[in-house]
Amino acid sequence: MGEIRLPRHMFLWCLSAIYMFAFASLYVQIPGLYGNEGVLPARWQLRVSGKSVVEQLKDSPTLLWFGPRLGLDTQQCMELLSLTGALLSLMTLALPVLRDCRVFLVLWILYLSLYQVGQVFLYFQWDNLLLETGFLAILIAPMKMPWSTKERLHDNVTFWLARWLLFRLMFASGVVKLTSRCPTWWGLTALTYHYETQCIPTPLAWFAHQLPVWFQKLSVVGTFVIEIAVPFMFFSPIRRHRLVAFYMQVLIQVFIILSGNYNFFNILTITLCMSLLDDQHVNFWLRRYMPKTESTSLQTLCSWLAVVLEIGTYAVLGYWSVRYFDLQVDWENKSVSSRTAFTYFEFNGFLKTVTVPSIWIGVLSLTWEVISAMFKCACVRGVLWRLWNTIQWAVMAAATVSMFAISLVSKLPVSFERIYWLEIEFMYKPGNVSAAPPVVAPHQPRLDWQMWFAALGPHTQSPWFSSLLHRLLQGKRDVIRLIQTDESQYPFSKQPPAYLRAHRYKYWFSKPKEDGSYPQRWWRRVYVEEFYPMVHLGDSYLEQMLDQHGLKDKAPPRRSSNAWLPQLLRHVGKHAREMPTPLLLWTLFSSAATVCLLNSLRSRARHHQHESLQNKHADKQETGWNVAEEEAKKHEEEDVKDDAEEDGKEQEEDATSEEEQEGEIEEEVNTEETDVDSLRKRK
């Protein structure tokens, strides 16, 4: 695995956004769900006793125990925690300096405190996944200290935990579809029902439902391959294997987002997929091309072997898909037929075969990351820095191994009179057959979701439903706002209903007309049976159900405290709940994203300005050197000229001296000759 600084930054940024979505979405629903007059008052989970605060925290670890010390009741304290979490995560989303492990620890404690009293409305798979991912973020996020460095050598070790969590999530999601023995999954027909039977579909779900059956079955085959086979590629030493696995996982999550409203669940899964990336690929997205280095013959050979193994892996996946799902191309009908070509017992045998090897794959992958980080620490210069990095590596490696070891064990109709019945329409779940499916993600309307689960069985399996009817008969405004925030859409906004009853309907998507035009209605529905008998306030059956499940409790009068904190919470809640929740969430996200974009542009402008200053300084230095060189050349030329002139003068002087010497020599010769002649004459 290469450097993962940029993927880690993206992971923490996305998780901050998810925390903001989760806290803000829950905040607007607290009065109706957990208020003193809500469906399931949270104060029932915090019984006053003579225990100390420490003992209370051991029984139920939540910050709500400190509410009375602030003069707040349970509902107000939940609102305070949700509002604090939303604002803190919003600032973390906008400001990189706040993406610190201590901030993520606070966010995790806040959400855990709400989860402890959330009861059935907070017991969804994504709530558990957010808590587990949030705890891993405490290890993944840096602890920013004045003496800390930007490079943390143990990042690959802690970030590996996100990859292991993604493997467990996706592999279990695929396996449970077959181990449940559901005939629709075994018959590859699940998607022919899924789009119209999910809790809150999107408008695109209607169009997806109209696709031919052979394509729906082929999509199920693709789902099994992506969720069961592909996750093993998460730990491949071949980098392209991990990148292909990343795009395949993101692809299926995007399809789910487009066809269904699953709040922040799919966004959180995509966030975990960031653990499959590295800096090199993120720089490729950002068009930051890294300089290529010359590869040796051994590296070239290894790269070719990796290509061969990569192609072989894809060939094996294709062969198994064709063999075990009996894929056959029908060229005449332009379709692909498919069926499950293995039995339940054969699949169980497969699970027994791969369970232990999958654990050992995880062990080997983690061991490699730990040893690689250890060698990086050993290569740090300076004794003190090497010691400090080694201590960090040892602590984080121990925490990562511990976490790895732990993971191995771990529709409502109402009446105004007895004769005339009016139907209450929920804001999000199917009801009005002419209403288009909404798009509400990442908001989770938790009451609508629980209505979908309640319809899967008798009402006795959903005790909260009796409390819901009781609150509607009482006309509690906070509960009504969970169903309709627009009072004009609620038929009993002026006075509560006298009687209530609930019927179960079965819904299907409507089909296009024979001429190919779209129908006026999105849905078709058929009455199935009575879900809850007709009741009224004081009804014996309703009272019996409330008493049986401990839901009948006279709400204490709300204390109208004049302290500044309760008044602030009431003021903020009043204005925040006037806006549609999906719009509120995306407004907060857009604001934080705008701040991030402006910071990025400002930092980029500073970077360019710094580069231009450096270039100008370099140009000045270069110009100075050029001027100095020219002056030096001039001086050299002048020196050469001076030397040449001096040489010329010396040569002239030498020549003159030579001529004089020659003249002297000639005179001497002449003198000698004259002397010789005179001597001859004498002789």
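Start at 1 and count along the chain as shown; that gives each residue its number.
Even glycines carry a Cβ here, placed using N, Cα and C.
TrEMBL entries are annotated by machine, without manual review.
Per TrEMBL, the features are:
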type	residues	note
COMPBIAS	610-622	compositional bias 'Basic and acidic residues'
COMPBIAS	639-676	compositional bias 'Acidic residues'
DOMAIN	123-283	domain 'Lipase maturation factor 1/2 N-terminal'
DOMAIN	420-533	domain 'Lipase maturation factor 1/2 C-terminal'
REGION	608-683	region 'Disordered'
TRANSMEM	12-30	transmembrane segment
TRANSMEM	80-98	transmembrane segment
TRANSMEM	105-123	transmembrane segment
TRANSMEM	242-258	transmembrane segment
TRANSMEM	298-322	transmembrane segment
TRANSMEM	359-379	transmembrane segment
TRANSMEM	391-409	transmembrane segment
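Assigned with DSSP, the residues of the domain 'Lipase maturation factor 1/2 C-terminal' (420-533) fall into helix, strand and coil as follows: 33 helix, 26 strand, 55 coil. When each of 80-98, 105-123, 298-322, 359-379 is checked for Cβ pairs under 8 Å to the transmembrane segment (12-30), 80-98 comes out on top. Ranked by Cβ pairs under 8 Å to the transmembrane segment (359-379), the stretches 80-98, 105-123, 242-258, 391-409 are led by 391-409.
Beyond the ends of the transmembrane segment (80-98), by six or more residues, the same chain brings 9, 13, 16-17, 19-20, 22-24, 26-27, 30, 63-64, 67, 70, 72, 104, 106-107, 110-111, 113-114, 144, 565, 569, 572, 588-589, 591-593, 595-596, 599 to within a C-beta distance below 8 angstroms of the stretch. Here the transmembrane segment (391-409) has long-range neighbours at 136, 139, 152-154, 157-158, 160-161, 164-165, 168, 359, 362, 366, 370, 373-374, 377, meaning same-chain residues at least 6 beyond its ends whose C-beta is under 8 angstroms from one of its own. Mean per-residue pLDDT, taken over the domain 'Lipase maturation factor 1/2 C-terminal' (420-533), amounts to 86.
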